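Undergrad: Quick one: the structure is below, questions incoming.
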Amino acid sequence: MLRPISLRHLIAHAPRSISSCRHLGTLVIAEHEGGSLSGTSLSSIEAASKLLCKDNNSLSLLLAGTGPSLQQAATNAASCHPSISQVLVADSDKFKHTLAEPWAKLIHLVQQKHEYSHIITASSSFGKNILPRAAALLDVSPITDVIEISEPRTFVRPIYAGNALCTIRYTGSNPCMLTIRSTSFPASASADSKPNAAPIHQVDLSSFGEEGSCRYVKQSSQESERPDLGSARVVITGGRALKSAENFKMVEKLAEKLGAAVGATRAAVDAGYVPNELQVGQTGKIVAPELYMAFGVSGAIQHIAGMRDSKVIVAVNKDADAPIFQVADYGLVGDLFEIIPELIEKLPEKK
């Protein structure tokens with residue numbers, strides 16, 4: 001004999017997944033410079049578009065900063081991808097510099113108003129700096145370095161320096177916060193095909209509150225005409241085998257010939273050959289160029305984790321048993337102090 005079930009009983013015993021069926025959206029935290037979105041942010045949008053479905057059909061973009069460059073970036077972002085539903089703009093001097101404290105408070109403020117199901121940003125220094133603090137304010141656990149989105153709450157990320165892949169199912173409350181590896185979500189060719197620009201809305205900052213304890217001091221960077229390491233089509237990397245900063249200039253000269261970006265192993269960085277922003281690897285930058293050339297790189301597991309997704313890998317090392325040859329498409333066993341000068345001499349100047 002069936003007994004009646006009250007509505008209160010039904011709600012109390014409803015499966016947790018029902019809450020995910022509400023018409024919620026996805027928020028992408030974007031980085032911009034010079035009036036344009038960064039390449040990593042375009043990859044974040046591409047990743048977020050894979051979450052769109054009948055029950056999650058809106059994609060919002062959050063930009064923050066101040067001045068004309070912010071407004072130009074918002075205008076460009078509104079038509080950069082067909083999946084974008086709206087662009088949210090936070091215009092304030094508090095966001096002039098990408099400090100984690102005000103950005104995290106901004107994300108918390110936007111989430112309280114819009115109740116997104118997912119918040120996504122790139123696994124760059126920008127995203128790694130901001131998302132963990134925002135996740136703490138929202139009392140959720142972020143998932144980092146996602147390389148594949150299997151389902152709205154199921155993701156794949158590398159572990160053990162990329163030697164194994166882990167499938168993770170998120171069972172926490174909204175929002176599900178992710179950082180994605182931009183090399184795994186290249187921007188699609190349809191990025192400029194949106195016929196009508198998405199609406200741009202200003203974020204109400206009246207309740208934002210006072211600034212925190214963090215203060216911007218300065219930013220130092222080296223001016224270079226070479227391509228950015230994170231987005232270059234060709235990367236030339238040198239290792240500790242180059243023995244000195246003076247010798248490392250051979251790698252830089254070869255990079256100029258090929259119009260390539262320069263990378264380095266952690267050992268080369270720790271030895272002071274080049275600044276740490278050129279480090280490729282698990283604790284450096286993750287790259288996936290069309291051509292990756294490694295000179296004097298042994299192939300430590302931490303370095304391989306940062307470049308194994310490269311389309312073509314060429315390794316030059318005098319040790320025939322170096323681990324780098326296990327992942328290389330082409331290898332040359334020889335003295336790099338003879339091979340690099342010969343390449344520089346015989347390669348034509350890049351026009």
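Quick reminder: no glycine exception, Cβ is built from N, Cα and C everywhere.
Quick paste of what TrEMBL says about this protein:
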{"type": "BINDING", "residues": "Arg240, 265-266, 279-283, 296-303, Asn317", "note": "FAD binding site"}
{"type": "DOMAIN", "residues": "26-212", "note": "domain 'Electron transfer flavoprotein alpha/beta-subunit N-terminal'"}
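On this model, are these features tucked inside or out on the surface, and what's nearby?
TA: Around Gln279 (FAD binding site), the C-beta neighbours below 8 angstroms that are at least 6 residues distant in the chain are Gly263, Ala264, Thr265, Arg266, Val269, Lys285.
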Undergrad: If one looks at the chain holding Arg240 (FAD binding site), which residues at least 6 apart in sequence have a CB under 8 angstroms from its CB?
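TA: Sequence-distant Cβ neighbours: Thr265, Ala267, Ala268, Ala271, Tyr273, Gly296, Ser298.
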Undergrad: To what whole number does the mean pLDDT across the domain 'Electron transfer flavoprotein alpha/beta-subunit N-terminal' (26-212) round?
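TA: Average per-residue pLDDT within the domain 'Electron transfer flavoprotein alpha/beta-subunit N-terminal' (26-212): 89.
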